[in-house]
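The next block holds one structure in the form of structure tokens; read it before the comments.
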């Protein structure tokens, strides 16, 4: 019964949006994490259908169960692999089994479907049809991509080389390839499991969704730099930053949750990270003028959000109290903007990546737009021109990710960069191409800045050649006056002749 009690507890917290579902599961320290995660995810997916069945049969009144516990029990009875418990609760549920099955059957007849999945709302049907690939990031602190590929090939898997388009990410069992955007990311079929694999236990690979890898990849701090991960736990992004920094420099990581920070410490230890400095502290209370942060030039900010981009938390919210939803999003957006403004106040900061696992404009483009107005010394960098999904107009410099267009969890990323002429008023964000896409992390590149009004145009080789200083001086008023005098003198001489 412990499985169902824990699943019900997590489901209730997730529905209250207390934390991301995956975080709640891994923080539970349950003996069989994989089993618990699968049960909670599937119950959450069928939540509206299960609730309708439970209410139709008046199960809560007759069994005295609470709704979250009733949901997980009814899910396993009707749609899972059968109840895995005994005792009075099993007896109570089994007593109503025929009625529960009858209601489910009538729902299928009414909607003219034969499968449980066909009862799902349209957005969730798409998720079932398009299961996301399994993404694995190679931890370059401990190994190389080539070594991991060779190991997996010897382990019986078939390597298909590097992907060139999204469609390549549809893989058969035992097949894998290298991602087309992130060179240290390997892609496998959806049901590939690495939790018991040697490479995972040894910290050579990190199980991390592709979208979650974007923030550190786009921030791209060079080795030896000082970096802040503002809301760091559970630590995948921090370990990615450390790998990009080649484990050199200082990585300050903050999180308010002590348990999550403990989990993060274990993860970083397994990953071989040594450049970190963890702090159980509210980032908003960190003093930007503190001498220990005087050399911080890069920051990753992934604050608390609605989690609406996470597959397990996506549901049909048309029946939700819209006023309550809007109020919660407004509260989150206010907190996120406060974090952004605080992050940009660090005196030597050059670049800041802001990311969320949310699909809502209120937490993404609207927060970024408000921040740009309040911080005219920073501008947006245009990211990965070939990425298939952009930020909503007019902030197309930002990136979005989704299950349909990028085969990832839902995500949003924006990159702020300090102006050369910081402090001057800017009417609108300046678009700048990122150098990140073109440069591999083995040789970190610094983004080359260009004038605010410059555009990429086709020019002749002559146009591309810099004007020598002497010739440039010829265009000054004083030089033009001298040239006119010389011309007049020549004309007079010609007249005399």
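Any Cβ shown, glycine's included, is placed from N, Cα and C.
All TrEMBL annotations are machine predictions without curation.
Per TrEMBL, the features are as follows:
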type	residues	note
BINDING	231, 232, 233, 234, 235, 236, 237, 255, 282, 302	S-adenosyl-L-methionine binding site
ACT_SITE	357	active site, nucleophile
REGION	426-497	region 'Disordered'
COMPBIAS	478-491	compositional bias 'Basic residues'
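Features per TrEMBL, on structure.
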residue	record	Cβ contacts under 8 Å, 6 or more apart
231	S-adenosyl-L-methionine binding site	254, 255, 283, 301, 302, 303, 304, 339
233	S-adenosyl-L-methionine binding site	255, 257, 260, 261, 263, 264
235	S-adenosyl-L-methionine binding site	253, 263, 264, 265, 267, 268
237	S-adenosyl-L-methionine binding site	212, 215, 216, 229, 300, 302
282	S-adenosyl-L-methionine binding site	254, 256
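When Cβ atoms from all protein chains are considered, those within 10 Å of the residue listed as 'active site, nucleophile' total 22, not counting its own.
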